[in-house]
């Protein structure tokens, strides 16, 4: 059983008195254990993602070196990387049900650090000084995040999600997000402004809704597994729709960014924007920083800053996959492009007869063959 002080803490977060049970009361018998479980699941998930990325990268490199013309998706090795990617993302999804969203999102830097280490050890990439410095900063930042993040873990129930969804601070936040998203989309689609900041902000705004819905769905599934069924409430399916839709459009804009810009630009900017939007979503929707000491907030933000700088240093100017040079003829070098005036004119043209006669005169006859 939790002691009275623990009950008071969780009751105060919902605005209810511990002596008056209600559907909004959030009680954890061992909140620290649940909190640590979410951190461990998230770290393991991000580690699996880093392994999967390097396996897929190695599959592309091997296929290129062997000169294999078959599609990459026919490779068993590539599919094994995809499976690991799915397991890693599933781990991140589950972690949102145990730990605050404002902590799980910044832990994505673990994937960047692990990916850099694996690429140096197994893919024989060059270890740069920026990798060492960036990795050290990211590790220190991760330690500060884990230490100073909100350590309370709440029951994510349908009643709680419904109450948060109609809170005034979230409605104002949602209104502002819709306005900003509409302006950015207008600039991107109508004005054809293809700046990386605009594209990545579109991804980040969608990611904010993704984090809110993912944590809601994951938390309600977790409570249902524990015996408190939450899948009968309409809000669960509303959050599922929001999660799927926001993820789909987020992937769409992210793929467009990867086509237009280099990965060394997209990866760090996406990490920074995604983390910032996830933290904001956790603060506004789930009120995760409520009651947190000012020192904890400042140290948490400082840890985020160190992680951002570390990821920028690691992702900057990463070596690209070497692929075989494909021989092709540029459009400006097509043979005969400058000889279009020597093409036989139409039969109705006055130049037809003279040009045809000239061609016939220059044509070698049977006597020339000898």
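The backbone N, Cα and C atoms fix where each Cβ goes, and this holds for glycine too.
Per TrEMBL, the feature compositional bias 'Polar residues' maps to 1-23.
The annotation region 'Disordered' is assigned in TrEMBL to 1-25.
Among residues of the same chain six or more beyond the transmembrane segment (35-55), those with a C-beta under 8 A of the stretch's C-beta atoms are 77-78, 80-85, 87-92, 94-99, 103-104, 107-108, 110-115, 118-119, 122-123, 146, 151-153. The transmembrane segment annotation in TrEMBL covers 35-55 (among others).
Residues 34-35, 37-39, 41-42, 44-49, 51-56, 58-60, 62, 104, 111, 153, 156, 211, 214-215, 218-219, 221-222 of the same chain, all 6+ positions outside the transmembrane segment (76-98), place their C-beta atoms under 8 angstroms from a C-beta of that stretch. What TrEMBL records for 76-98 (among others) is transmembrane segment.
For the transmembrane segment (104-123), the residues of the chain that approach it from at least six positions outside its boundaries are 38-39, 42-43, 46-47, 49-51, 53-54, 57-58, 61, 88, 92, 95-96, 131, 134-135, 138-139, 141-142, 145, 211, 267, 271, 274-275, 278-279, 282, 303-304, 307, 310-311, 314-315, judged by C-beta separation under 8 angstroms. What TrEMBL records for 104-123 (among others) is transmembrane segment.
Long-range contacts of the transmembrane segment (132-150) within the same chain: residues 39, 100, 102-103, 106-107, 109-110, 112-113, 116-117, 288-289, 292, 295-297, 299-300, 302-314, each at least 6 residues beyond the stretch ends and with a Cβ under 8 Å from a Cβ of the stretch. If you look up TrEMBL, you'll see 132-150 (among others) marked as transmembrane segment.
The transmembrane segment annotation in TrEMBL covers 170-188 (among others).
According to TrEMBL, the transmembrane segment annotation covers 195-214 (among others). Only residues 6 or more beyond the boundaries of the transmembrane segment (195-214), in the same chain, are considered here, and those with a CB under 8 A from a CB of the stretch are 93, 96, 101, 105, 177, 180-181, 184-185, 187-188, 239-240, 242-243, 246-247, 249-250, 253-254, 256-257, 260-261, 265-266, 269-270, 273-274, 276-278, 280-282, 285-286.
The transmembrane segment annotation in TrEMBL covers 234-254 (among others).
Long-range Cβ contacts of the transmembrane segment (266-286) within its own chain (Cβ-Cβ under 8 Å, at least 6 residues beyond either end) map to 100-102, 104-106, 108-109, 112, 154, 164-165, 167, 169-170, 173, 196-197, 200-201, 203-205, 207-209, 211-212, 215, 254, 257-258, 304, 307-308, 311-312, 315-316. The feature transmembrane segment is assigned by TrEMBL to 266-286 (among others).
If you look up TrEMBL, you'll see 292-315 (among others) marked as transmembrane segment.
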